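S.K.: Following this message is one structure expressed as structure tokens.
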Amino acid sequence: MTAMKGDSEDSIESMRPSNLQVFANNSTLHGMSHIFAYGHMTFRRFLWTLSFMGSLGLLMYVCMDRVYYYFEFPHVTKLDEVAAPNLTFPAVTFCNLNEFRFSKITKNDLYHVGELLALLNENYQIANPHLADPEVLTLLKEKASFNGFKPKQFNMTDFYNRTGHDINEMLLQCSFRGEECFPLNFTTIYTRYGKCYTFNSGLDGNPLLTTLKGGTGNGLEIMLDIQQDEYLPVWGDTDETSYEAGIKVQIHSQDEPPFIDQLGFGVAPGFQTFVSCQQQLLLYLPPPWGDCRSAPMDSEYFSTYSITACRIDCETRYLLENCNCRMVHMPGTSTVCTPEQYKDCADPALDFLVEKDNDYCVCDTPCNMTRYGKELSMVKIPSKASAKYLAKKFNKTEQYITDNILVLDIFFEALNYEKIEQKKAYEVAGLLGDIGGQMGLFIGASVLTILEIFDYLYEVLKDKILGSVLRKRRPHRSASDNLVIVSLHDFKISSVFLLASYMCFVCYIVLLNAACVYLPFVVGSNSGK
């Protein structure tokens with residue numbers, strides 16, 4: 001009887017869920033039933049064990065390769081042509097390459113800025129008079145006669161505003177989409193070229209202009225007089241004088257200020273210049289997938305971040321730190337540099353910053369920006385047939401028309417825009433899909449297989465740690481029957497532990513996904529700081 005009882009208990013023990021052979025023979029994990037088959041160790045079981053371990057090793061290698069690839073945060077670039085019913089016309093800023101009109105410079109102006117403009121030397125005498133035209137030299141001698149002269153207070157902002165080229169005199173003709181436009185449609189703005197003007201700036205309170213068609217005649221067309229007879233005589237190398245004649249133009253978004261001295265293109269007199277544009281919407285990824293800046297701009301001058309706003313803000317701070325003043329075109333309410341500060345500090349400091357200092361002004365690319373691709377073509381104006389007509393129309397000589405008149409025609413090539421977007425090449429879903437596919441290929445496992453392993457570990461934990469407690473509470477069986485009687489209390493405990501195990505598994509999956517999603521971003525952000 002005792003032997004029969006022992007055999008019965010061994011049989012029951014071998015059928016426990018925590019028994020490894022029971023688990024292996026019931027698991028969906030491929031190869032486990034052959035490795036832990038009942039009976040003695042055989043060569044066949046050894047081969048199955050070797051194959052399983054080899055497959056498991058390959059699985060770990062491939063999974064680690066996928067994980068490493070994910071943490072490289074790769075991205076791809078998507079290019080798309082998007083048709084639109086209408087497009088917002090860009091802001092168009094232009095500046096005369098000559099900053100100051102010679103006829104508007106007074107004796108007091110010349111006294112204060114003569115040396116800055118290389119018109120006078122340090123002794124307030126005309127520099128290089130042999131280089132001047134007779135008419136210019138005569139006018140300059142009258143203004144440079146300082147005997148008994150008492151200088152008045154001088155203001156650089158007023159000087160730039162008063163002597164800069166006036167759009168009411170420069171603008172000869174203007175049309176947008178075939179309708180006439182006027183100087184009032186242009187906003188005055190200051191750049192390093194002095195007094196400039198922006199069409200469709202959005203700063204005058206008027207709604208932004210749109211275009212409904214592509215091609216010439218559906219954009220902005222202006223005829224300008226660059227007024228070369230007002231150009232300052234050039235007798236030396238300064239930042240305030242120019243060797244060229246014409247205008248500098250920048251086509252930009254209304255969300256960014258013009259940076260025309262660095263990003264503008266030139267338009268020469270005597271030509272009609274056609275500028276065919278295409279709007280480009282650029283979308284970049286933030287760290288760790290890309291290098292763009294998604295944070296708002298930390299500036300007291302600009303609310304919207306852009307590369308040009310960042311550079312202007314940086315240049316302003318650089319001059320305030322090194323010269324204790326700002327240039328006229330720079331934002332803010334700080335003290336404007338005097339002519340002496342311009343010559344001795346501001347101009348040299350800004351030139352050094354732009355040309356040589358590559359570490360001070362480091363501006364990240366914004367995550368969302370609009371750019372305009374351009375194609376330029378030119379034709380000669382005036383033609384021989386129109387020269388006399390234009391001379392009569394504007395009451396000028398034919399030579400003046402050739403030397404001073406230009407036409408600028410800006411339009412969209414077509415009513416569509418390019419969308420260039422960076423996208424994540426490998427996301428969490430792809431990582432989990434690859435790992436799941438490799439698990440199925442090498443060991444035939446799935447998420448439910450992992451659940452089986454958790455369930456088995458729960459059974460082992462219950463038998464090893466709680467077995468003694470459960471056996472003490474198990475009711476005694478009579479020797480006359482083989483029925484196993486389980487109390488309701490034991491069933492409740494088992495159910496609670498099983499539910500807790502499943503909840504732990506669910507939490508594990510959730511935490512794994514959260515770690516995959518948020519940990520890379522946190523690591524990337526900390527490394528960026």
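Note: Cβ is positioned from N, Cα and C throughout, glycine not excepted.
Pulled the feature table from Swiss-Prot, pasting it below:
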type	residues	note
DISULFID	CYS95-CYS196	disulfide bond
DISULFID	CYS174-CYS181	disulfide bond
DISULFID	CYS292-CYS367	disulfide bond
DISULFID	CYS310-CYS363	disulfide bond
DISULFID	CYS314-CYS361	disulfide bond
DISULFID	CYS323-CYS345	disulfide bond
DISULFID	CYS325-CYS337	disulfide bond
CARBOHYD	ASN86	N-linked glycosylation site
CARBOHYD	ASN155	N-linked glycosylation site
CARBOHYD	ASN161	N-linked glycosylation site
CARBOHYD	ASN185	N-linked glycosylation site
CARBOHYD	ASN368	N-linked glycosylation site
CARBOHYD	ASN395	N-linked glycosylation site
SITE	GLU81	site 'Involved in channel desensitization'
SITE	ASP357	site 'Involved in proton-dependent gating'
TOPO_DOM	1-51	topological domain 'Cytoplasmic'
TOPO_DOM	69-427	topological domain 'Extracellular'
TOPO_DOM	459-529	topological domain 'Cytoplasmic'
TRANSMEM	52-68	transmembrane segment
TRANSMEM	428-458	transmembrane segment
S.K.: Just the number: how many Å between the Cα atoms of CYS181 (disulfide bond) and CYS323 (disulfide bond)?
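M.R.: A Cα-Cα distance of 42 Å.
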S.K.: Counting other Cβ atoms within 10 Å, pick out the least crowded of the disulfide-bonded residues CYS310, CYS325, CYS337.
M.R.: CYS325
S.K.: Is ASN161 (N-linked glycosylation site) helix, strand or coil when read with DSSP?
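M.R.: In the DSSP reduction, ASN161 (N-linked glycosylation site) maps to helix.
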S.K.: Which bits of the chain, at least 6 residues beyond where the transmembrane segment (52-68) starts or stops, bring a Cβ under 8 A of a Cβ in it?
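M.R.: Long-range Cβ neighbours of the transmembrane segment (52-68): 30-32, 35, 431, 434-435, 438-439, 442-443.
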S.K.: If you measure from the Cα of CYS363 (disulfide bond), which of the recorded positions GLU81, ASN185, CYS196, CYS292, CYS323 is the nearest?
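M.R.: That would be CYS292, the closest of GLU81, ASN185, CYS196, CYS292, CYS323 to CYS363 (disulfide bond).
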S.K.: What residues, ordered by sequence, lie under 8 A Cβ-to-Cβ from GLU81 (site 'Involved in channel desensitization') and sit at least six positions away in the same chain?
M.R.: ASN416, TYR417, GLU418, LYS419
S.K.: As a test of reading the model: what is the averaged pLDDT for the topological domain 'Cytoplasmic' (459-529)?
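M.R.: Overall, the topological domain 'Cytoplasmic' (459-529) comes to a mean pLDDT of 49.
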S.K.: Using DSSP with the three-state reduction, classify CYS174 (disulfide bond) as helix, strand or coil.
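M.R.: It is in a strand.
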